[in-house]
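Asks: Annotations for this protein, taken from TrEMBL, read as follows:
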type	residues	note
DOMAIN	14-236	domain 'RNase H type-2'
BINDING	Asp20, Glu21, Asp127	divalent metal cation binding site
REGION	246-279	region 'Disordered'
COMPBIAS	270-279	compositional bias 'Basic and acidic residues'
Amino acid sequence: MGSDAPLPKWASQPCIMGIDEAGRGPVLGPMVYGCLYCARSYQKTLSSLNFADSKTLKEEKREELFENLKADDSIGWDVDVIDPKELSAKMLKKNKINLNEISHDSAIGLINRVLNKGVLLTEVYLDTVGDPEKYRTKLSQRFPAIKFVVAKKADSLYPVVSGASIVAKVTRDRALREWLLDETADNTHRNFGSGYPGDPETKAWLEHHKHLIFGFPSLVRFSWGTCTPYLKDMVEVLWESDKMDEEGSGSSHGKRQLKLSNVGFTPSKRKSEEIESSGKGRCKFFQARKLEQVVHF
């Protein structure tokens, strides 16, 4: 995605870049990080293009401005779309990655991507995630040749960040409109509102689409606290596992059951984790299909 045209001549001049996100708070859909970059000499012209914080603009205006910047040969842009399943998986894995770290990694990824294209980045402006000074220091240590400006409400202070916010917001809106639901139940519909936890339409959609065994459709960030109240009525899933290996277990032990709750995630019981990771007591379902836990690739 992004401006994949051959590198323009202006990219070899000192350039500035803005980075912003869309969809950090919603319980539905992807989080999108967007960037916009141009020659530093184009900064004054950029200020005249009527970019503004995307949250203050109507959808029609955002779409218009996005098409305008795409057609502008003096502007480059790119996006990083983070799938809701990826967000939840990272936040629920054993070594958890919180949303701030995910956001930082996405921004760093965009900077690397633009640098690898051959763009001479000298200044990068970002809306802060967490403490502004700590974030700036982290970025400066990673990219010492670049000057970083990290500020709250940067999307309303710097046109280059305003443009990035439009890139991110329009990309996310289009992704939601065109989202292909993996689930094919007859009663599945797309009237999910804004996707924000406080939206009554979103709440109604979550209530309607929760499944007592399988949880939520893949559009949902099931790691969000918003989902917790809906989980209390769901069925606890029990996986029947084979008896322990002969070493350390006798036939009198019979069969055990490993509990998986909260929509398929094991409880935080070290014993169950050790048994599963060692291969002992692995369920016949996995053994029959010769499925094993992969530690190293």
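Glycine is no exception: its Cβ is also placed from the backbone N, Cα and C atoms.
Just tell me what is around each of these and how deep it sits.
Replies: On the 0 to 100 pLDDT scale, the domain 'RNase H type-2' (14-236) averages 90 in the predicted structure.
Around Glu21 (divalent metal cation binding site), a 10 Å sphere centred on its CB holds 23 further CB atoms from the protein chains shown.
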Asks: Name the residues of the same chain, 6+ apart in sequence, whose Cβ is under 8 Å from the Cβ of Asp20 (divalent metal cation binding site)?
Replies: Tyr33, Gly34, Ser54, Leu126, Asp127, Ala154, Asp155, Val161, Ser162, Ala164, Ser165, Val167, Ala168
Asks: At a 10 Å cut-off from the C-beta of Asp127 (divalent metal cation binding site), count the other C-beta atoms across all protein chains.
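Replies: A 10 Å sphere around the Cβ of Asp127 (divalent metal cation binding site) contains 26 other Cβ atoms.
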Asks: May I have the list of same-chain residues other than Asp20, Glu21, Asp127 whose Cβ is within 8 Å of the Cβ centroid of the recorded divalent metal cation site, in sequence order?
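Replies: My list of surrounding residues reads Ile19, Ala22, Tyr33, Gly34, Leu126, Val129, Ala154, Asp155, Val161, Ala164, Ser165, Ala168.
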